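A.B. asks: Before anything else, here's the structure in question.
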Amino acid sequence: MSKPAAIVGQIILYGAFAVFIGYFATFPRYRQIPDDAALIKLSMSHLGDRECRKRTAEELEKMPRNMRAPLECPRERSDIKLEVDLDGEKLFSTVMHPTGLSKDGVSTIYKRFELKAGSYRLTVRMNDNLIKPGFNYIKEEQVTLKPGRVLVIDFNPDKGGLFFRQ
Amino acid sequence: MSFHASLRNNAQTIFQHAEEFFDVSFGGSGNPLRHLGAMGLYFLWIVVGSGLYLYTVLDTSINGVYSSISDLSREPWYLGGILRSLHRYAADAFILVMALHLVREWAYGRYFGFRFYSWVTGVPILWLSYVSGISGYWIVWDQLAQFSATASTELLDWLPIFSEPAARNFLSPDSLNDRFFTMLMFIHLGIPLMLILGLWAHVHRISRVDYLPSRQVMLGTLGTLLLLALIKPALSDAPANLALSPTQVRLDWFMLFIHPMTDITSPAMVWMMLFAATALLFILPFLPHPNAEPIAEVDAANCNGCSRCLADCPYAAITMGPHPGRPGYRIAIVAADLCAGCGICAGSCPSSTPFRKQERLLTGIDMPQQTVNDLRQQLEEQLAQLEGRTRIVVFGCNRAANARLLAAPDTAVISLLCTGALPPAFVEYALRGGADGVMLASCRSGGCDYRLGERWTAERLSGQREPHLRSKVPLARLHHVFASVNDNKLLAEALHEFRKKIEIQGLTDDPLQPYYRRNSHHV
């Protein structure tokens, strides 16, 4: 091939390379959720409760002075039961297990729900000590999910337990 | 033929045709498809160079990180904006050529035997490249970064490696602090450093590594990327806001394709595919494959320790050690696991000259499957049988165009492991033994299956490399053709032209004296 023709060939091939790189660097656009959708993110990290027993004075007396803890607690943490309802319908239900080989770590969850934007009655119930029946934490609220917005369901005992954040 | 072998052969055919198409414009030595590894390294240096500048202006505080990057595209656009775009597009190009390099090496069957080490050390580089690339997108901290960070951590959380879900770090705007971006910078600098270390391991067992493509290709590629940076500069999306979920993002499909893949399938499926693909790449060399070529053998009595084989071996399979029988001399030592069995070392050995009087020609380093003695014997037999007006000897290559198709009463054909395995003295030997012309048919320039065979052959014939063809050999009677497996027709035409040229020019002034070993008194 003559030199000018080879140069033209190179220009075409370099051009094709640039178009390929330039196009797939940003196109096609990716839409993870529709325009009219919102997200609920359910995310918690919480230590399940455990049943502790108060040591009697006789028991404490028999123990070395430096080990006289008033409560005797098992290492293992309770599973945590969690339910989420939306407008009275069950959206999600699970039992979270403690992490760790001795089941003494936190129980965690992370879930993402895609919903059509709008107003919903959101109810979350949680029991962090399954020896006891029912739910010791309940949060119920009418929430308005705007398009593209994220509502987070989280738990923090210092903030009163279950809470929603938008 | 197994399904895998058939698939591989088809892929190889596609690559061969594509490379030959590129040869038309770029020539063999400049063809980017024949130098994908070097192209990858070149793109990596562009990424590193532009990245160093970006690092100097990066503000790793949560409030400053977005603006420090997005402002680059504006102030000053000619420096920051272009360098940022170069950084992104060169990274994409690196991923592209890396993928092509992987598929091409597989298609050509370059993943087992002596190439096992290079193949296996290449696999972690894939992971390191993607981790580096994806973490780079997070630093921008725009909506795409937010999407990728959330999607990546959701994917990571499927693995039981974190005590708490990593995705909790991206729950809300107050979940993040400055330390996140400092840590991200460590990842985005540390992983590429590991990548460079991995690349060193990947290539350190081969000699004369193609660290960079030709200057012409480097300039052309850089110019293309600069033009792309000017026409379509890399820009940030809107700032990340963890209270919002980006509905539509300008995804970089080279780096971030894994996120839509997770959405379409599931994290479990994606991890399964990634681990399965990685495991497949690792076990590929252990799957049934063609037997390895026998390796080179050193004959201590004929090796004088000149180290030409060491200089010419494309795979660093030869080292020099103390000679067992001659104090003060050295001897070539062949590493069995590195030897490709190409015979280039036999072609480089000065003892391989056929003019030696020995009845059985023994050389310093030789190939058991095609010894220089076999070669001389074959040449002598075929020269004796040649008849016709213009008698030509063709030395072909088993991996290039099929020279055997040219065999005829006036054409002797000897196919070699590689034309690099031909000691140049055989050309003179053929001419003095009765041939009117000698044609060598090597792989296309830059397309030698053993990397350097066609290059060493050309350099030996032109006197640029030892052992060289003696200057008294008339070059008019020698023709070196570069023809791939798809160039049988081109080879036949080249032979026809060569014969015509010899017939037209006439060779009455030929200074070469006939030489017939069995009648000669020369020792």
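Including glycine, each Cβ sits where the backbone N, Cα and C put it.
Because TrEMBL annotations are produced automatically, they should be read as predictions rather than curated entries.
On a predicted model such as this, the values are computed, not experimentally measured, just so you know.
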A.B. asks: Quick test of your reading of TrEMBL: among B:89-109, B:215-235, where does it put transmembrane segment?
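C.D. replies: In TrEMBL, residues B:215-235 carry the label transmembrane segment.
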A.B. asks: For the transmembrane segment (B:180-203), could you work out the same-chain residues 6 or more beyond its ends whose Cβ comes under 8 Å from its Cβ atoms?
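C.D. replies: That would be 37, 41, 44, 47-48, 51, 55, 58, 60-62, 65, 118, 121-122, 124-125, 128-129, 131-132, 135-136, 138-139, 141, 169, 209.
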A.B. asks: List, by number or range, the same-chain residues at least 6 past the transmembrane segment (B:268-287) whose CB is under 8 A from its CB atoms?
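C.D. replies: Same-chain contacts beyond the flanks: 4, 106, 111-113, 116, 119-120, 123, 126-127, 155, 158-159, 258, 261-262.
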